[in-house]
Amino acid sequence: MYGEYVKGFDNAMELVKNMTERIPQFKSVVEEIQKQKICGSLTLQHHMLEPVQRIPRYEMLLKDYLRKLPSDSPDWNDAKKSLEIISTAASHSNSAIRKMENLKKLLEIYEMLGEEEDIVNPSNELIKEGQILKLAARNTSAQERYLFLFNNMLLYCVPRFSLVGSKFTVRTRVGIDGMKIVETHNEEYPHTFQVSGKERTLELQASSEQDKEEWIKALQETIDAFHQRHETFRNAIAKDNDMHSEVSTAELGKRAPRWIRDNEVTMCMKCKESFNALTRRRHHCRACGHVVCWKCSDYKAQLEYDGGKLNKVCKDCYQIISGFTDSEEKKRKGILEIESAEVSGNSIVCSFLQYMEKSKPWQKAWCVIPKQDPLVLYMYGAPQDVRAQATIPLLGYVVDDLPKSADLPHSFKLTQSKSVHSFAADSEELKQKWLKIIFLAVIGETPDGPNKHPTTLDDHPEPRKKSEC
């Protein structure tokens, strides 16, 4: 009975308030009664509040009473039993209050969404909500979005600019079942993370590092709680501590992929031909998210995550999803055909550098020294390219770390015989990071090799000419 009273308390208070404002006769009767001595100069609302406060008061009084009561008192056992009973009632009322508040919040969100989403359900619980930016799949533009995280789904919404009515339009409903969270790193846009669900993959940007951590924590805790509630699916959707942004072969067509952005590649990720504006434009495989040319995307397959609709896919995904096998053996990858993402994810050092060969103009290159090939510098057009544009075997090169131009103060040069390669970093810190690794590589050592001490410019003599072999 107490729980039911608490559950309806807010509605009852609101009803009294509205009737008092709208019906003068009701207001007059209430005020007349409140003047009586028996009411103790208290309003009707105060008297309505008394039962809500009574149980917590009893609980506090009994706790205080037991603290001061000697343990050998004949009243001890009865007092302890009374506290247990009253604590149960208080716990029940608190639970009823929480359910009531949650349902009220669901109704508010239901109205904000234009009363189109079926979310008003006692089993639904709002975990977190807030504004966020979404990075576009094709480029790095950021768009304003709003998220509602529930215990069983994430609503990805677009703000609706309207003076009245709903405030948001639901763009996508992403289920918690099978959802994965990945922390991402974007040079242009900080505080990013990725939400990958069966229905869609979103790359999002928080307003700060703290906001990002709070979102990741809330999402991950919701996923973990969902898995715990669904014991029978625990083995199938166990948390993978080494989560990848790539869709696995087993999940092709079943999970929406993260699209590689157009500006992250300069060539088709399948045939490795360079893109151009006319004859070889960029397309996305809807199964794996890779950027491919029109020839490599001239296939269609039914994708489960999109309701079984036919979608444009690359040849590799088409073969996997359709079961078609190509008898032609895959050509062994040459040294230039190692994917940038493959070496960057397992590298000693990687970043963008300005590069110039001999007297050619400066150009921006994604440079990588991989762990499995620590004496070779790989240069790509962009971080996701599937083929290197050039490689430099560093062994035997002479390093000149003195800048030759005031316009490029963080530059350095590698020379060997007639080969001259000039580089420039965006900062002195980044330059020193590269030089520390290169100084080791040119003498055939690695950071994990015989020379285990950090290398600085002071550890090396002035640049010298290498003797001809």
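We number each residue from 1, going along the chain as drawn.
In case you wondered, yes, glycine gets a Cβ from its N, Cα and C as well.
The annotation domain 'DH' is assigned in TrEMBL to 1-96. In the predicted model, the domain 'DH' (1-96) shows an average pLDDT of 86.
Among the features that TrEMBL reports, domain 'PH' is placed at 125-224 (among others).
Within the domain 'FYVE-type' (262-322), the DSSP-based counts of helix, strand and coil residues read 14 helix, 16 strand, 31 coil. Summarising the annotation, TrEMBL assigns domain 'FYVE-type' to 262-322.
Taken from TrEMBL, the feature domain 'PH' covers 346-443 (among others).
Under the heading region 'Disordered', TrEMBL lists 448-469.
TrEMBL lists 455-469 with the feature compositional bias 'Basic and acidic residues'.
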Next item on the list: Sort out for me which stretch, of 1-96, 125-224, 346-443, has the most Cβ pairs below 8 angstroms to the domain 'FYVE-type' (262-322).
Entry: 346-443
Notebook entry, point to check: Do you know the DSSP helix, strand and coil residue counts for the domain 'PH' (125-224)?
Noted result: 16 helix, 48 strand, 36 coil
Next item on the list: On the DSSP side of things, how many residues of the domain 'DH' (1-96) fall into helix, strand and coil, could you say?
Entry: 80 helix, 0 strand, 16 coil
